[in-house]
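Report on the structure given below.
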Amino acid sequence: MTYILRNQKAKMNMLLFLTFLLITAAVFSLAVGQHFVSLTSVYRAIFSFDQQSTRHLIIRSTRLSRTVIALAAGGSLAVAGALMQALTGNPLAAPGIFGLNSGAVFLLVIAATFFGVTSMELSIWLAFFGSMLAGLLVYFIASLGRSGLSSLKMILAGAAVTALFHSFTQGLLVINQESLESVLFWLSGSTAGRDLGMIMPLLPFILGAIILALILAKDINILLIGEEMAAGLGQKTIIIKLLLGLSIVILAGSSVAAAGAISFIGLVVPHISRFFVGNNYHWLIIYSFIIGAVLLLIADIAARIIIMPQEVPIGVMTAFMGAPFFVYIVRRGFKVNA
Amino acid sequence: MLNKKNYIAVLVMALVLILSISVMAETRVVEHAMGKTEIEGTPQRVVTLYQGASDAAHALDIPLVGIVESWVEKPVYKYLRDDLSDVKQVGLETQPNLEEISKLNPDLIIASKMRHEDIYNLLSQIAPTVMEENVFRYRETVKLMGKAAGREEKAAEVLNNWDQRAADFREKIEAKMGEKWPIEVAVLNFRADHARIYYSGYAGRILNELGFERPEDHKKDTWGVKLTSKESIPEMNAEAFFIFMSDDQAVENTYQEWTEHPLWQNLDAVQNEQVFRVDQVAWNMAGGIESAHIMLDQLYEHFELEE
Amino acid sequence: MLKNLKISRELILIFGLILLAGLIFILSLSFGSSYISPVTVISHFLGLEAGSYNFTINILRLPRTLMAFLVGAALSVSGLILQANIKNPLASPDIIGITGGASAGAITYLSFFSADYGIGGLPFAAILGAAVVSALIYFLAWQKGVSSIRLVLIGIGIAAAVDALVTMIIVFSPISTTVQSYVWLTGSIYGTNWEDLFQFLPWVIIFIPLAFAFYKSLNLLALGDKVAAALGLNIQLNRFLLMTISVALAGSAVAYAGGVAFIGLIAPHIARKMGGKSYSILIIYSVLSGGMIFMAADLLARTAFLPLDLPAGVFVSGIGAPFFIYLLYRNRNQF
């Protein structure tokens, strides 16, 4: 594995730079939109809020919430992707590719269109459950057969499970045509759909899952050496893997509950992070979170200014940004034990 | 494309031609979006395949034997339910059941080119079929159905009736508003995950006929826009709003969120207290002439006018 | 002796499958808004009826049922070829982006062109979309030849991007076409007439026999690239030609039936489940099982919720998906 930041200090400096980038992106996300707001106004809106100012209102009411959502969802998806890649030993693993997003979306569409579920608390649990269901299904399908789990099988199983939930969702919406038009944006990802108050209950989950991942980082590093070796070192791999799975499901489910189905962030970001810090998960998790947040913020800013006053669904933006990168990873080649 | 004059000329010529030949059953040639169709006598068993046509059939007293399922208030909109609930359902507007239609043994089918172009040939084999270009052009629907069902006089009467009411409304509202008339209005719609401004389309056409203006930014030839961010609220600005939406908790939540937003409070219509919640069926989904009257009823009421 | 026994087993299976397909075929002609007894259907075909069912059977049910069979067969053979090429039974045209390409073409046409140019151009737009996207996938997967793994991975990636494109077109298309686009994406052969059938027929008549002609290449490819090359197969050429056949079958089927999923995945599985090592037999099994599944799905779609006539795609996924998981479990050692 080649990566460019070899020593602790370089990694620390880069981290500072990325944090700076994150803050810049967040500030721009507050300033840019249908009405451009000067940076001083952004500063004032946050630190000396004036109820009378329209600009302050826009920032506080709509942009702040979408900035927080993009930040949280981007970071969560990226970390979920990094953890999945470790768990499966598969560089193309990601919540979108492995059907976790589509599983969560399916359950949420059923809940919203047929049972009129609007409570955020219930939606969160449904999203967790949906992504868990999809994840287990992929794992089950991929581990069938004599040759055991292989990367290619896992990806194909993921694609098949995605297709499965996708077509279920499609079927439901075709039969219930009126509700179809109501969830189209959300099906393709949207940071504008939820208020800050609605996503607040998600943040403790996300924070908890990331702390859990950081605690596990050392074990992940050992796991990456190889399972037998890990067992030899006295690691209880089953427990580690279960905890990893828990963390992944929470992160992927939360991001769907907050912003709908957003693809490719979970796949691409861990690779960018790896380019900087290699496969050391202490650093990789932190880097992934920040880079994921930065990328989704940028995608969101682009999404809202391309065709004002309308917006491109953010999942579409990330797909267009991510697909070339995906092709690049595949072409560059990686070890597939198929 | 034929323009109106040519259209009439062709029709007159066709009629003259036919009248001069035929001595027995009266056969009419009706020109429509998919070509020309010959229809004999006065159809007694009619099937309509879009909402606006079912509405118009009701207005013209055309004997219906089959209709498609409504979008909401399934299977028949409430305002038509008393009279049409016994009419046989033939499936979804997007995929009406052809066997069901043929079983009804109709003598006229009214459909929409936009929805049913690919089944025109099959429908024509079941019964003479005429197609309207779209689904929401209430005037054209009435005219076409009047011709096809041999009820042109009734159709003229229905349209005339509408024109008179529209003229009355224009007069009354102008008298009431004085200098301020014509006011600029916008038609808004809320969904579970976004909001819409309808520029043209069904309600837009009717408001146009009634003399309402649209804000400069809304004078576009597209159906409207979908807005996802509350930041876009100022785009909606107009002197009065008509808002329709489905009766659903998720939609209601979106509505609450958007209308509680500070930007919403700055809109002219909100400050003038000219925000009217209207019925989604009459204003959008029915797309017929009778629903247009219901719209008008609601407008008289909202602007406190005596008819 | 043993060899003959095996052949006869296969023949019996094929015969049984034909019988079953025939049964579903007759049932499809029997059931609908009005029930026509199977006996009546048969006597109708023998000319013993007065022609009272000419319209219902000849014009409505027959072209639609035949179309269902052909679409199912085409998708199934397309999937079988892909699975042999990629050496993994989880590949199928909808998973590696071929169907997605057709959808992008069709939805673009439906949203922006059909109002001006008529609905008749839709199949061509869909086939064009499938061809362009497949060519792109092939091109991107090329690195001194195309390896099966790269092909499937790039296909999955491109499929995701094309899906995003389709979503975007639907979101920004005129609202009046949204519902129709979605019905199309689900897959439906509603309103099929003889003209549609005759337009689609050449694709099947040309490409399924062509697939059959390549059964030896398929047999070799299924052994793995190295073995196949050692046995003298020009892998790149054969892979390219087989991919072309697969794309032509899937693209044309999708053009006339919309974005049907899962048949290309399940039907070849059923074929394998019946045994048969040679692709000559597997192709026949696939044709019959794929055709049967889609006929059955469409029969259900138009009769289960009368008077509603629903898109068949809903039922393919509804029945197909659980069945698919079951099959994977049963066939787990074939991976």
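The backbone N, Cα and C atoms fix where each Cβ goes, glycine too.
Just so you know, TrEMBL annotations never went through curation; they're auto-generated.
Annotated transmembrane segment per TrEMBL: A:68-86 (among others), in sequence order.
Sequence annotations record features per position, and here TrEMBL assigns transmembrane segment to A:98-117 (among others). Listed as Cβ neighbours of the transmembrane segment (A:98-117) (distance under 8 Å, sequence separation of 6 or more from its ends, same chain) are residues 80, 84, 123, 126-135, 137-138, 154-155, 158-159, 161-162, 164-166, 168-169, 172-173, 176, 179, 182-183, 187, 248-249, 252-253, 256-257, 260-263.
Tertiary proximity for the transmembrane segment (A:123-142) is limited to same-chain residues at least six positions away from its ends with a CB under 8 Å from its CB atoms, namely 95, 98-108, 111, 117, 149-150, 153-154, 156-158, 160-162, 164-165, 201-202, 205, 245, 248-250, 252-254, 256-257. Residues or ranges marked as transmembrane segment by TrEMBL: A:123-142 (among others).
Annotation source TrEMBL lists transmembrane segment at A:154-176 (among others).
Among the features that TrEMBL reports, transmembrane segment is placed at A:196-217 (among others). Outside the transmembrane segment (A:196-217), and at least 6 residues removed from its termini, the chain residues within Cβ reach (under 8 Å) are 64-65, 68-69, 72, 75-76, 79, 83, 120-121, 124, 240, 243-244, 246-247, 250-251, 254, 257-258, 281-282, 284-286, 289.
Sequence-distant contacts of the transmembrane segment (A:238-269) (same chain, at least 6 residues past either end, Cβ-Cβ under 8 Å): 69-70, 72-74, 76-84, 86-87, 92-97, 100-102, 104-105, 108, 120, 123-124, 126-132, 135, 185-191, 193-194, 199, 202, 205-206, 208-210, 212-213, 216, 219-220, 223, 230, 288, 291-292, 295-296, 313-315, 318-319, 321-323, 325-326. Per TrEMBL, transmembrane segment is recorded for A:238-269 (among others).
What TrEMBL records for A:281-299 (among others) is transmembrane segment.
Positions annotated as transmembrane segment by TrEMBL: A:311-330 (among others).
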